[in-house]
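Engineer: Quick one: the structure is below, and I'll ask about it shortly.
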Amino acid sequence: MSVHEVNHPLVKHKIGLMREAGISTKKFRELTSEIASLLAYEASRDFQIEPRTITGWDGSKVGIQQLKGKKVTVVPILRAGIGMLDGVLDMIPNAKVSVVGLARNEETLEAHTYFERFVGNLDERLALIIDPMLATGGSMAATIEMLKNNGCLQIRVLCLVAAPEGLARITAAYPEIDIYVAAIDERLNEQGYILPGLGDAGDKIFGTK
């Protein structure tokens, strides 16, 4: 599979607005959700459809198209992934929600799990993992492993900003997984933050420091 950087003018404009140092919590949340919707649109481009006949407004039969047999679970990585959830559900409202809680060790930059709750029948579902920042790739790799260990066979990743280091880690370990990203930035700093990045997305979404 591959990395898909969404080079749409609206996506690039919105990501640019998110980089402003003085952006408000309200605006950051709104833009996170809006970009998440656009990423979900791109990630669902290959969903199959099938014909169906319905009764139209005037009582006549109307042929329409509907999604065919695609069961989706959206998997936000706590806590920042919650900021993308509504945007994805706006596009795929029937999706089930699974949750993974991970915290990063600031010394090793690796993730440890403190919570997980998956929907049933993961082997029949496409999992869309959502997390605004793909930095070292530690949290993403841990989430992918948890999904695989619980039987999930189809996984895609949606994130706002990714560092080359994180992308390299995930694509090397999981070449079968598609990654949809709004922007690929320059690098990580010594603390594992993406540059130029967005800062701490969790703090900006939740209004904490």
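Note that the numbers count up from 1, one per residue, in the order the chain is shown.
Placed from the backbone N, Cα and C atoms, the Cβ positions cover glycine too.
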Engineer: Besides R79, D131, P132, M133, L134, A135, T136, G137, G138, S139, D200, which of R52, R104, R117, R156 does Swiss-Prot list for that 5-phospho-alpha-D-ribose 1-diphosphate site?
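Structural biologist: Of R52, R104, R117, R156, R104 joins R79, D131, P132, M133, L134, A135, T136, G137, G138, S139, D200 in the 5-phospho-alpha-D-ribose 1-diphosphate site that Swiss-Prot records.
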Engineer: For the binding-site residues D131, D200, work out the Cβ neighbour count at 10 Å and name the residue with the minimum.
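Structural biologist: If we count Cβ atoms within 10 Å for the binding-site residues D131, D200, the smallest count is at D200.
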Engineer: Whose Cβ lies within 8 Å of the mean position of the Cβ atoms of I194, G199, D200, A201, the uracil site, other than those residues?
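Structural biologist: Sorted by sequence, the hits are P132, M133, V161, Y193, G197, L198, G202, D203, K204.
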Engineer: By CA-CA distance, flag whichever of D131, G137, S139 among the binding-site residues is nearest to I194 (uracil binding site).
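Structural biologist: So, spelling it out, the nearest of the binding-site residues is G137.
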Engineer: What subset of the binding-site residues G199, D200, A201 lies within 10 angstroms of R79 (5-phospho-alpha-D-ribose 1-diphosphate binding site) at the C-alpha level?
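Structural biologist: Close binding-site residues: A201.
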